[in-house]
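A.B. asks: Just passing along the structure, written as structure tokens.
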Amino acid sequence: METPTLIIITLLCAAGAYILGRNRASDIASRGSQQGTLHSLPYYYGLLSSLWCAVPCLMIVLIWTLLDDYAVHAAIVNVLPESAQTLPENEVDLMVNTVINLALYPNSLISSSTPDYLIQAGQDYLRWQQLSQLSLTVVVLISLVLAFSLSWNLIKAKVKARQQVERVFQWTLLLCASIAILTTIGIVLSVLFESLRFFQSINFFEFIFGTHWSPQTALRIDQVGASGAFGAVPLFVGTLLISFIAMLIAVPVGLMSAIYLSEYATPKFRAVVKPMLEILAGIPSVVYGFFAALTVAPFIRDSGHFLGLEVSSESALAAGLVMGVMIIPFVSSLSDDVLKAVPQSLRDGSLGLGATQSETIKRVVIPAALPGIISGVLLAASRAIGETMIVVMAAGLAAHLTANPLESVTTITVQIVTLLVGDQEFDSPKTLSAFALGLMLFMVTLALNYVALYVVRQYREEYE
Amino acid sequence: MRKMNHKSATRQQPSTIELVNRNLAKRKRAEWRFRVYGIGAILFGFVCLLILFTDIVGKGHGAFFKTQIQLQLSLDSESLQVTNPSSEQLENANYDAVIENALLTDNSALMASELSALDKRQLLSLVSTGAVYDLQKMLIDTPEQLNHEVSMWLTADDDVDNYVKSRTRNEQGFSGRLTEQQQKWVDRWLEQGQIRQTFNTTFFTSGDSREPEQAGIRGALMGSLYMLLVTIGLSFPIGISAAVYLEEYAPRNRLTDFIEVNINNLAAVPSIIFGLLGLAIFIGFFDMPRSIPLVGGLVLTLMTLPTIIISSRAAIKAVPQSIRDAAYGLGASKMQVVLHHVVPLAMPGMLTGAIIGFAQALGETAPLLMIGMVAFIVDVPADLLDPASALPVQIFLWADSPERAFIERTSAAIMVLLAFLIAMNGLAVWLRHRLGRGH
């Protein structure tokens, strides 16, 4: 049987086990005095039996599927001739792939020039595949029967079904909660592992401090410019330049609108305006990218030409401006929260001394809310640094080392995208450099987020 | 200023009120300025929003209409090269010849001399290459039309489309990529009423295409839908479970603290990093195929999980402790308290947060680029394992196309995407109002 069919059968059995278990428990309960009263409600016994059915069988299917590929791979390698087995690892992998393809599409791929041992291995592969599937079916069915009879005997008045079910429930919840940690570990490991491979061929300091970025490595060793240059400083500068422009827009506008909304606006005005401003944050960044590339960038170029300035058609200014607009609601809602958290007594004290409202805000409220505002700005900066689509569409690809916002620059995220889109081999420094850039990006944003979250935590405790 | 005041104060002792009044006008102006800054900031946000929307709608509304040309087609079996009207023959019939004949006879009145080869090619290029499929479908549906003369509206080429639309907008001197000769032909058709604009169903029913007039968003829409299904199916239950564990079960210790900091950090990790994770784990390690909605959905699941966990925790926190105490008091177990009382009461808040998370996932592009969902795919995907595109990725791809007609289509696709997002956010607001009542 196919694996999906097996899973469905298992689930059906689990459902059946639930009904049978519950009924049997009810029976025992109704007989009452003979065997003592039931420990838990009948449906807990039902749940317990279905868990006994489903969990072990699904585990078997999962583990089997995971190990299956490796086992078959090893078996194929085993029947290949000695000369093939001693080849380097990736060539052996390639040969195994050929064998599998030959077995799956014999009509279109096998020709007279195909070596016999490959065809033979392909047929072996098909046989093993069938054998593996057959034995999986048998094992799952046997364990279903076993689990079923075992759980049938489990239903006794003294068995603490509720405790057992609740323990499984709690472990499941813990498993779900730890997926967040697993994701982080996954990110760190995958990015770090590939980056280490990159740093084996490229010097770490050359990557961090080098000022020339041109990752196009050649296909052949003897080609011109075969090595490629991986100095990431122009990317760092470009990223910072665009983020700086974005923050220049987002921080004052976001902060001022938050101040107005939380300090001056009537509740009605606030209820209407705040969600409307937040629409800006809900628009996908690819839309901003399109807007930046097709409307803002040409506008800036034309007005620059009108003023007699040399503006490139993909300028850092265009990407930064649009990114700033995107981040406004982010800054504004974070500052809004911290402004609201400032106790009213501070404002009353200041107003009572005769200060105007703006003086109160500038001298009392903002200083009191400053840590929260700073953490909001840090989070916004981390978002600006990690933003991809706007810069991919509007910032350009050329790695210029410049501080001029009218020139085109490139950023870390743009380079990651251009390096990894399309089919690439997984072990050239060109592809791996994207992971090294990803590592840099992850570390920087992680540090910013961590500081920001830490500041917020410290600050929140002050008024509580 | 202030120092001088102070000096004179020691001599003449002016009253406090005098001192205050002296500065009052200035302070009031400062107060007024500060308010203006605030209003200005809000206005700036609105103006940006307004410009963005008008720009998109202005560029994109045209894509909902397509230009068609009316031609007299003579469907004689000779030029179709059909001997008997069986459907296999009709499928492979020579429709190009019929359209060619129709175009030539239609314009014979205009052309005294014979057409040069170049002219002929220019004439033929006015009708979309997709028109033959419309004709084929019509003839297979109604085979009795064979050997009859029919009048049919055929889809025009995107250049004709652009030209006609720019004329109705009164743009002077726009010719796009049409030559003067081609413009004359189109102008004559316009005069004779042989050109019309109809609702562009192709845009909603077909997949991607290199020809703008045949390109549609159906494939991308289905791809987005499948990914969203995977994301909803995985991230909602897992997110809620994690939130329940952290709020109701977890002991306050270092491990829980660590999980909590981790989730908050993950919520702020750039989306492209999740793309790298998906590339390394799902495609590199587990050897799953590129460009399939399943992998896209998995990556988006990992990305939306932190958002859902954070909002679900807030919803669970908002459930009053008295409800838990009452249930415990009646002898409920922990699981019963959680499943029968806490989760149902927190559900509206959880749903609201989740829908906002899904809306973000729907608009996400960068991680999908990493796992190869940028491939040019014409077919509409049929299941989770078919290569597919996604709506935001389609927007990204079209935005890169040089043809002017694709700008129109990109903007229209953006309008569709925004409509979905607004609908989802509206649903979240409605849920909060509808289900949130009562406690």
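Each Cβ is built from the backbone N, Cα and C atoms, and glycine gets one as well.
Just so you know, TrEMBL annotations never went through curation; they're auto-generated.
Not my notes, these are from TrEMBL:
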type	residues	note
TRANSMEM	B:34-53	transmembrane segment
DOMAIN	B:221-428	domain 'ABC transmembrane type-1'
TRANSMEM	B:225-246	transmembrane segment
TRANSMEM	B:266-286	transmembrane segment
TRANSMEM	B:292-316	transmembrane segment
TRANSMEM	B:337-359	transmembrane segment
TRANSMEM	B:412-431	transmembrane segment
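Show me how these features fit into the structure around them.
C.D. replies: Taking Cβ pairs closer than 8 Å, the transmembrane segment (B:34-53) reaches no residue in its own chain that is 6 or more past its ends.
Listed as Cβ neighbours of the transmembrane segment (B:225-246) (distance under 8 Å, sequence separation of 6 or more from its ends, same chain) are residues 256, 259-260, 263, 293-294, 296-298, 300-301, 304-305, 308-309, 312-313, 315-316, 338, 342-343, 350, 354, 357-358, 361-362, 381, 383-384, 388, 390.
With a cut-off of 8 Å between Cβ atoms, the residues of this chain six or more beyond the transmembrane segment (B:266-286) that come close are 295, 298-299, 302-303, 305-307, 310, 364, 366-372.
Long-range contacts of the transmembrane segment (B:337-359) within its own chain (CB-CB distance under 8 A, at least 6 residues past either end) are made by residues 228, 231-232, 235-236, 239-240, 243-244, 248, 304, 307-308, 310-312, 314-316, 318-319, 323-324, 327-328, 421, 424-425, 427-429, 431-432, 434-436, 439.
Outside the transmembrane segment (B:412-431), and at least 6 residues removed from its termini, the chain residues within Cβ reach (under 8 Å) are 56-57, 60-64, 203, 217, 220-221, 348, 351-352, 355-356, 358-359, 362-363, 391-392, 394-395, 398.
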